[in-house]
Amino acid sequence: MQGPLYIGFDLSTQQLKGLVVNSDLKVVYVSKFDFDADSHGFPIKKGVLTNEAEHEVFAPVALWLQALDGVLEGLRKQGMDFSQIKGISGAGQQHGSVYWGENAEKLLKELDASKTLEEQLDGAFSHPFSPNWQDSSTQKECDEFDAALGGQSELAFATGSKAHHRFTGPQIMRFQRKYPDVYKKTSRISLVSSFIASLFLGHIAPMDISDVCGMNLWNIKKGAYDEKLLQLCAGSSGVDDLKRKLGDVPEDGGIHLGPIDRYYVERYGFSPDCTIIPATGDNPATILALPLRASDAMVSLGTSTTFLMSTPSYKPDPATHFFNHPTTAGLYMFMLCYKNGGLARELVRDAVNEKLGEKPSTSWANFDKVTLETPPMGQKADSDPMKLGLFFPRPEIVPNLRSGQWRFDYNPKDGSLQPSNGGWDEPFDEARAIVESQMLSLRLRSRGLTQSPGEGIPAQPRRVYLVGGGSKNKAIAKVAGEILGGSEGVYKLEIGDNACALGAAYKAVWAMERAEGQTFEDLIGKRWHEEEFIEKIADGYQPGVFERYGQAAEGFEKMELEVLRQEGKH
């Protein structure tokens, strides 16, 4: 007899994954459905359809129904006993919206266990497509959202972010303008996360307290939809109608939404007591893939760079994102997204290899050696200026700049900043400088969100977790620790591409097994086998070095402002 099991679903752009864990957080089954490889009847590419003329990127909702049929069938083939599943949660690609038709509730309630979901729910939607996060068709709407409360800073303060093309509010606004009749016939609007929960509940599920913050509609401090923004978004159909479409949002991320629909009991043998828990967004689910304590930081070093932190401080800014924490009241999730990450580092790596001319043992060996041999900020002596630079092979959003490279010399003693005048030994000085540049930007933008981890230690993260391709690189890890700190060190987190599904499954475990008032971090922290998932790869806080990089961060901020001024952006 196996103990209780929990499923976390991850509905991303290119696949649906169902990951099953037991109470001890051990993964016991995984079933995947790759949209391009496994689906039939949809002319998709990389999971989406595009209308380039209008910059639209979207997915057919029926594809996701086919995928859920496929994932559950996959678990059945692996011999999983569905009657052991006690709780289900999920993670959905953030910001995407699903438009339900007037007969949606009826169709969800009357599912026939002898047929697939796709056969029966194809007609449940007023609009067959869901906008994808890559969609950029809403510039006009974003401009209106940014202006609605007085400016980008005001919108960010209210909703956690300035307006973004992919955010659900601007998308709904464009939808009601482009398809006014379809909008009127839309009974409910779900996020991708609450869509997953709705399928299992057999009726429309409420949105999740964290994922609702990715809409530009939820006033985070008030804990309610922002009336002015609803008014802007709703157009002539009015605020009350839009409120009905969106529904109420429960405060508790672990609330029991209700039992699984009888369709799944009859078709797969789920227990009628299996409980559905609110599904959250893919980014909030990522911080649930480990017991991330307040002030811990997670840096994803992939093609782009993403920085996630759990913090009690709410200090929004147009360049960053704040969300309610998906499980823990009083905490927020802070997020930074950069377009330039791995590619920028690889270009410097290639230049170093070319200059040296010899074939290194691994492609990163020379880059690492040069990075570690170069002193912090290229200062061989205290009297030397700090070498600071920006390296953007792609246009950047943080700060908002064109692609390009800029190099400066900064003197922390008098605060003077000069464009570099041939003092750089290119490309060797750039190896360390590019890692410093990326990490200083993270430090600059997360200051004020951390606390002191102990007597006499400056405010910084307790731990810095690195994930993604760049986390394998010891030199990057060492520089990350010197700049970001981390009183307990820098760790490599090995959860592969399962982070979102794991986070969703852990959320279900916590929601079903928590004691009264027990936090997610406490319950998961006691059961998480950290030695299986993390390895300490570098020291964090080093007295003296950390403070020196604090001076560099001031120079870095001056440099960004100077470049923005030069480019006519400030």
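Each Cβ is built from the backbone N, Cα and C atoms, and glycine gets one as well.
Just one of His55, His95, His127, His325 is listed by Swiss-Prot for the same substrate site as Arg166, Asp282, Asn283, and that one is His95. Swiss-Prot names Gly469, Gly470, Asn473 for binding ATP. Of Trp100, Trp133, Trp218, Trp364, the residue it gives for the same site is Trp364.
Remark: of the binding-site residues Gly469, Gly470, the most isolated position is Gly469 (fewest other Cβ atoms within 10 Å of its Cβ). Summarising the environment of Asp282 (substrate binding site), the number of other Cβ atoms within 10 Å of its Cβ, over all protein chains shown, is 26. For the pair Asn283 (substrate binding site) and Gly470 (ATP binding site), the C-alpha distance works out to 19 angstrom. A simple way to gauge crowding: the CB of Asn473 (ATP binding site) has 23 other CB atoms within 10 angstroms, across all the protein chains here. The DSSP secondary structure for Asp282 (substrate binding site) is helix. Sequence-distant neighbours of His95 (substrate binding site) (same chain, 6+ apart, CB under 8 A from its CB) are Pro131, Trp133, His164, Arg166, Phe167, Thr168, Gln171, Leu191, Gly214, Met215, Gly281.
Across the structure, Asn473 (ATP binding site) and Asp282 (substrate binding site) place their CA atoms 25 angstrom apart.
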